[in-house]
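According to TrEMBL, the protein has these features:
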{"type": "DOMAIN", "residues": "74-136", "note": "domain 'Nitrite/Sulfite reductase ferredoxin-like'"}
{"type": "DOMAIN", "residues": "170-331", "note": "domain 'Nitrite/sulphite reductase 4Fe-4S'"}
{"type": "DOMAIN", "residues": "355-418", "note": "domain 'Nitrite/Sulfite reductase ferredoxin-like'"}
{"type": "BINDING", "residues": "437, 443, 482, 486", "note": "[4Fe-4S] cluster binding site"}
{"type": "BINDING", "residues": "486", "note": "siroheme binding site"}
Ligand code: SRM
Ligand code: SF4
């Protein structure tokens, strides 16, 4: 039901709209091109569709120049992203992902900032086998990327484990119910026969329609006081409201997102605004109607301005709320009070309900692999073999070995010790509060290093932190290789966005609890300048901060940077 007063932006549809329209509900020619042995790649149109099946064609950028010189096609390989709502994996699923990464991937697993697994380096000929084995393990990759609702995140905080269980169930339900209905995935990857299409039997997408959404769409559920999922960065955020130990419902927040383009002020990170409260059983209805508003009024002409945050800002949050209530046929209740303390993880052992234990492991950059001196992957494999609970992948790229029984705790603890798996305690709190996106060598959009460089930069920042007595001070630091913001850079108290090899824009002033965006402090600077800036700022912080004051708040109070009060003033004073 389209409101005739509201309008979508005018302009001819972008090329991706055209590709989706002609794709026969996301089929395109994927089935055929995946069989072609002449190239290890696939045509661009099919690659656009491939995203809806949870994968991207990439090439190893470390090898790009050399292969070009040798007149070889790029070292094509695929990235595969699993859809795993709430980041919960069973030990058996962990073992399958581990095994697949050895057989078909690059011997690593990436724990992403949206609580799931990515595998890198899969060759075209191994894609189908990999996807089939993932499905056999009761996981899938449907809609993990593309212009649809993505992996639904939920708080992984082990402190309130009874609430976690409930909230996780809702995130699973949202994720499942908001899936595309096309059988394209099953036909292409799982050899399902297509049912002959007649107007009655042919599938339709009751919610998405044949063009799907104008852009990706993301949902996250937070459980205060932890804002680990960065709920305000989501297109649609739900904030759990717990009264007397019971989940009574969720505040609803709309219109967040992190991506932007360097030099284009019409693009900006934005925080979602809280518009009301709904009961748990109303959540799906709210999500579905919000999605259809974006479907109908999102920008299908300019992809850079197609995210829901721009729809909300263009139409106005009150107008979108009124349209939502119109579509729902009922009104949201008034938002309830809530309070967030932080957006990071809490490490080490914690006892939850029913005598179960949870161990949050620090995983730098979210990369699971065997390093020369740190057999992280092997250690986790051995744990998965004896673990009877679950693994929870966190939105800060860490891992919780979760729901460990008291009987099993000693066995798991000794494996943790044997393999030196760390809760990060030997590092500075700054490192434990760090996050970096994948960037080079696999990400085709990276302008600079992130995952491979941030740990090296932090080695040097740790010297400054130690000199100033700040080793135990949690300061969130995030780096992305480009302004797309995959590590939610604009919500790091110290943020870096890649501009060119070795060069970054530096951002300051985000809130420790994820409720305020940062602002650019220095443009296009290299390591030397980064360290000298941080030397001054961190030593001032050590001397001049108020009791309990976080770094992001300090730089604003000290006049180092103006607060960003809304995404629309992210680029201005
Ligand atoms: Fe992202 C595109 C990796 C979370 C905003 N992201 C990409 C691609 C697929 C590059 C591409 O389009 O060719 C990256 C693949 C790199 C690789 O080699 O693996 C990529 N994004 C990631 C991951 C793996 C980063 C990580 O180190 O963990 C995260 C996977 C999440 C998941 O499991 O689904 C990841 N991406 C995010 C987040 C954070 C979040 O969602 O909480 C954001 C910012 C929030 C948001 O969406 O606003 C994010 N990714 C983007 C964007 C910018 C979207 C925009 O609004 O402009 C792109 C580019 C695009 O869509 O055109 C992008
Ligand atoms: Fe790639 Fe940019 Fe996302 Fe980093 S922020 S993974 S460089 S798209």
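Just so you know, glycine gets a Cβ as well, placed from its N, Cα and C.
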Cβ within 8 Å of the [4Fe-4S] cluster site's Cβ centroid: which residues qualify beyond 437, 443, 482, 486?
438, 439, 445, 446, 450, 480, 481, 484, 485, 487, 498
Tell me the residue counts in helix, strand and coil for the domain 'Nitrite/Sulfite reductase ferredoxin-like' (74-136), as DSSP assigns them.
29 helix, 18 strand, 16 coil
Over the span of the domain 'Nitrite/Sulfite reductase ferredoxin-like' (355-418), count residues by DSSP class, listing helix, strand and coil in order.
28 helix, 21 strand, 15 coil
Local confidence of the prediction over the domain 'Nitrite/Sulfite reductase ferredoxin-like' (355-418), expressed as mean pLDDT:
97
I'd like the number of other C-beta atoms within 10 A of the C-beta of residue 443 ([4Fe-4S] cluster binding site), please.
22
